[in-house]
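Report on the following structure.
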């Protein structure tokens, strides 16, 4: 993971709260005490009194806890320094800010500092005549029952479920004791296991880690505290999920089994990003978890996936399961109730909406099929020559892929070479499957356009597909009865003109156009295929000294584009690859 950090003195909690309130109307900040509360929950606000919920803890776990202040969730939060409990005074300030005649429930994660400070604040509030109860969230299963018998389970992902479910119960009018029971029922039936590739970086502090570059840790806490064990080499997400679930269900060691789950139980699943995982990988992990649960006969009735309880930028994720069948009877009603809390980043869905996933299967639809014209176009092609040309193009793609990728890593996003390889593999498969009409000059090229469109992503895939589609149309418009150099020259010009309708790139803009435009122009000047191929190469080479005008490379610093002085400069990867392909095509067609 990257250990670069913004320069910081570490004092960022207060401005964070102000920024949160600025972007979420209805919240008020007590700056001095680093407390944020729901404005409508304050005494005298005019709202009907209800049981209020107060939580908090060390900062660095955002959106927990402050992000869960809102209608149908928490009413106030006291924020400590990064990974440090707030003081008793801060917590008492939060309690006073939302004091209610209906009473207040304090929700705290089960960590020693939090328990002490929130417990003391609760006792002070009781002494002052306030009606308060406290519940401690402990859902971690990585530390077994024997080892953790004295301190109990740590509070992890289930914390936000307690915030939301208890908060909704309070919003619906339950009394303090009932709300506390709802919260406790979620805690008692929750199990969480987390894993991370590394420690997180704390603002204002030097990054430190005891994990090697090929190690990961199961059970790492949300304060950089050590996990239960390290392992290597780095796993795939499916491998890691298998390992995590075996611990959560006590399959690896019964001592880690705190909650029983069966195929008959209604379950809530939460897959939590610890802060540094990409949304793409998190969504992948969510599907992997769901698939592996299904193999155990467990189909969650509600699934949450997102960033809820973090360890700053921790590169890991957690899996939380709640056995809803053993929790409060109305748990799904409370779960589904809308909330304004920004941290509950789950789109609102009612119970009926969730029914579509009741069998555990995501609704899918078949791919839209391309209906192709099966009638021969009337333009003959030599199947052997067509095949030879295509194979030569694929061979060139594979041969020059490493260099294309290297160039694109410097000047772009590094996918130019692999994108072309994907297209080449699809073309090879189509040749073997006989799904390209190699005897048809129009339909065969049109087939290629669809293959490229389906297999090549990114800008280059779109450009190749447009060009090939127009090339097929150009062959048809030529009026020729069989493919020839003349036909190809006419169609190439037709295709280039079509391509120019969809891109502003022209020769000299440092794109693949610098290879294809000279090729087409030279061919249409009647100078032959060899001269056209040479022009494509020369056009590609000229990009080594050009500044990018369009495309991703236009955002890259000029000094990056001129790095490879030993080669005469850095060429445009797309032009470099296309020139190689065109040269291979010409060579194959003439020998």
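The backbone N, Cα and C atoms fix where each Cβ goes, glycine too.
Summarising the annotation, Swiss-Prot assigns domain 'DhaK' to 8-344 and lists sequence analysis as the type of evidence. In this model, the domain 'DhaK' (8-344) carries an average pLDDT of 95.
Annotated substrate binding site per Swiss-Prot: 58, 59, 60, 61, 109, 114, in sequence order, evidence recorded as similarity to another entry. DSSP assigns residue 114 (substrate binding site) to a helix in the three-state reduction. All protein chains included, residue 114 (substrate binding site) registers 23 other Cβ atoms within 10 Å of its own Cβ.
Residues annotated as active site, tele-hemiaminal-histidine intermediate in Swiss-Prot, with sequence analysis given as evidence: 223. DSSP assigns residue 223 (active site, tele-hemiaminal-histidine intermediate) to coil, not to a helix or a strand.
Residues annotated as domain 'DhaL' in Swiss-Prot, with sequence analysis given as evidence: 384-587.
The number of other Cβ atoms within 10 Å of the Cβ belonging to residue 459 (ATP binding site), over all protein chains shown, comes to 19. Among the features that Swiss-Prot reports, ATP binding site is placed at 413, 414, 415, 416, 459, 460, 511, 512, 572, 573, 574.
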If you count the C-beta atoms lying within 10 Å of each candidate's C-beta, which of the binding-site residues 58, 574 ends up with the smallest number?
-> 58
Within 8 Å of the Cβ centre of 58, 59, 60, 61, 109, 114, which other residues of the chain have their Cβ, at the recorded substrate site?
-> 56, 57, 64, 65, 80, 83, 84, 85, 111, 222, 223
Cβ density check for residue 413 (ATP binding site), other Cβ within 10 Å (all protein chains) comes to 11
Taking the binding-site residues one at a time (59, 511), which has its Cβ surrounded by the most other Cβ atoms within 10 Å?
-> 511
Cβ-Cβ neighbours of residue 109 (substrate binding site) (radius 10 Å) | 29
Considering the binding-site residues 60, 61, 415, 572, which residue's Cβ sits among the greatest number of other Cβ atoms within 10 Å?
-> 572
Once near-sequence residues are set aside, which residues in the chain of residue 223 (active site, tele-hemiaminal-histidine intermediate), 6 or more away, have Cβ atoms under 8 Å from its Cβ?
-> 58, 60, 83, 111, 311
